[in-house]
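Enquirer: Per Swiss-Prot, ATP binding site is recorded for Lys18, Asp39, Asn57, Ile58, Glu80, Asn81, and the stated evidence type is similarity to another entry. Here Swiss-Prot flags Leu19, Gln20, Glu80, Ser254, Glu310 as L-lysine binding site. The domain 'ATP-grasp' annotation in Swiss-Prot covers 93-277. The ADP binding site feature in Swiss-Prot is assigned to Lys112, Lys139, Ser146, Glu168, Glu169, Tyr170, Val171, Glu247; the stated evidence is similarity to another entry. Under the heading D-ornithine binding site, Swiss-Prot lists Ser177, Leu178, Glu179, Asp233, Arg251, Phe252, Pro253, Ser254, Gln255, Thr256, Glu310. According to Swiss-Prot, the Mg(2+) 1 binding site annotation covers Glu235, Glu247. Sequence annotations record features per position, and here Swiss-Prot assigns Mg(2+) 2 binding site to Glu247, Asp249 based on similarity to another entry.
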Amino acid sequence: MRESWGASLKTICLIGGKLQGFEAAYLSKKAGMKVLVIDKNPQALIRNYADEFQCFNITEEPEKLVAISKNVDAILPVNENLECIEFLNSIKEKFSCPVLFDFEAYRISRDKRKSKEYFASIGTPTPQDKPSEPPYFVKPPCESSSVGARIIHDRKELKELEPGMLIEEYVEGEVVSLEVIGDGNNFAVVKETLVHIDDTYDCHMVTPLPLDPSFRELSYSLAANLPLKGIMDVEAISGPLGLKVIEIDARFPSQTPTAVYYSSGINLIELLFRAFNGGIEEIKTLPEDRYCIYEHLMLAENGVLIPVGEQVLSMGNDYGNYYEEPGIEIFLCKGENPVFTLVFWGRDREEAEARKNKGLSILKSRFGAAA
């Protein structure tokens with residue numbers, strides 16, 4: 001493995017062609033990079049959005065990936081396949097470019113029980129485990145999926161849970177998110193966002209939030225105590241009793257990075273590369289004259305646009321550009337029902353909302369859609 005990686009990121013190789021991959025590819029393109037996507041699925045969701053798509057299983061043909069590493073500036077895993085992640089960790093020393101990933105942090109964050117132990121070890125406030133009285137909040141023990149997450153109001157229902165499900169107190173409040181990128185010594189806490197969730201606890205919209213010193217301090221502590229060399233997403237509930245961290249995910253997120261980009265001007269792909277090439281600086285101030293609305297809407301059979309989350313989006317078969325003008329970008333995910341990802345930005349919320357209205361009118365004129 002080379003000791004010096006060079007100063008610029010011109011070509012990035014993404015391992016994974018689903019929603020995480022789309023987010024990373026989008027921001028890479030915004031930074032002027034060429035995007036190569038590798039996925040073992042020939043019908044990978046973003047195969048046509050990438051500049052180049054190669055279909056093969058890296059665990060079966062590692063020599064291909066080693067050869068590719070000589071012609072790209074970085075490799076970024078954008079999937080949650082544990083076999084794939086562990087395999088990349090085992091062969092990363094053979095690559096001629098860095099892997100922009102903290103494997104040890106991912107091991108902790110992927111396992112929600114290990115995460116809770118980590119939170120307790122550094123005094124991070126978090127929902128109580130196995131409370132004596134309902135309501136309870138139950139969620140899967142691994143990965144970042146919201147599948148199976150729900151509120152239980154009757155103790156009897158606990159007996160019907162799938163084995164291994166985590167049981168926590170239900171905490172009222174809004175779901176908030178913060179990305180942190182570290183180089184192992186310095187940790188850049190980026191931009192707070194509000195995660196709008198549906199009845200299945202899946203995110204259908206992201207909007208920016210004002211600076212929150214306590215959330216930034218918590219997120220910094222979580223990154224510094226690992227210590228993080230890579231990217232990590234911190235999610236918390238912000239309620240009447242303050243912040244309670246519900247999970248960390250040490251992998252490149254989907255949805256929030258685009259909202260962060262347009263509301264702060266910070267490209268998380270560029271910042272992540274700097275963590276492996278020369279180091280990063282902590283972020284002290286952010287611009288206040290930016291706002292962004294990021295959301296997913298499905299065109300139902302009755303012509304109505306319905307908010308949906310990533311669970312629906314992930315069932316699509318092709319994802320790419322649909323419409324663009326200053327302050328408006330619309331992406332189309334083809335499938336049983338078309339799902340649009342709409343991104344609107346401006347100097348403030350009012351300008352972003354005006355552009356949202358224009359974007360919705362575009363869909364209405366083309367599809368007869370009603371929001």
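Heads up, the Cβ atoms here are built off N, Cα and C, so glycines get one too.
Remember, predicted model here, so these are calculated numbers, not experimental data.
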Enquirer: Name the residues of the same chain, 6+ apart in sequence, whose Cβ is under 8 Å from the Cβ of Lys18 (ATP binding site)?
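Expert: Looking at Cβ-Cβ distances below 8 Å from Lys18 (ATP binding site), excluding near sequence neighbours, one finds Asp39, Ala44, Leu45, Ile46, Val78, Asn79, Ser314.
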Enquirer: Mind giving me a neighbour count for Pro253 (D-ornithine binding site)? Other Cβ atoms within 10 Å of its Cβ, every protein chain shown.
Expert: 24
Enquirer: Going by DSSP, give the three-state secondary structure for Glu235 (Mg(2+) 1 binding site).
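Expert: Going by the DSSP assignment, Glu235 (Mg(2+) 1 binding site) falls within a strand, counted as strand.
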Enquirer: Within a 10 Å radius of its Cβ, which of these binding-site residues (Glu80, Glu179) has the fewest neighbouring Cβ atoms?
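Expert: Per-residue Cβ counts within 10 Å for the binding-site residues Glu80, Glu179 bottom out at Glu80.
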Enquirer: Relative to the Cα of Glu179 (D-ornithine binding site), which of the binding-site residues Gln20, Glu235, Ser254 have a Cα no more than 10 Å away?
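Expert: If one measures from the Cα of Glu179 (D-ornithine binding site), the binding-site residues that come within 10 Å are Glu235.
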Enquirer: Looking only at C-alpha atoms, tell me how far Leu19 (L-lysine binding site) is from Ser177 (D-ornithine binding site), rounded to the nearest Å.
Expert: 18
Enquirer: Show which residues of the chain containing Glu168 (ADP binding site), separated from it by at least 6 in sequence, have their CB under 8 Å from its CB.
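Expert: Residues satisfying the criterion: Pro127, Gln128, Asp129, Lys130, Pro131, Tyr136, Phe137, Val138, Lys139.
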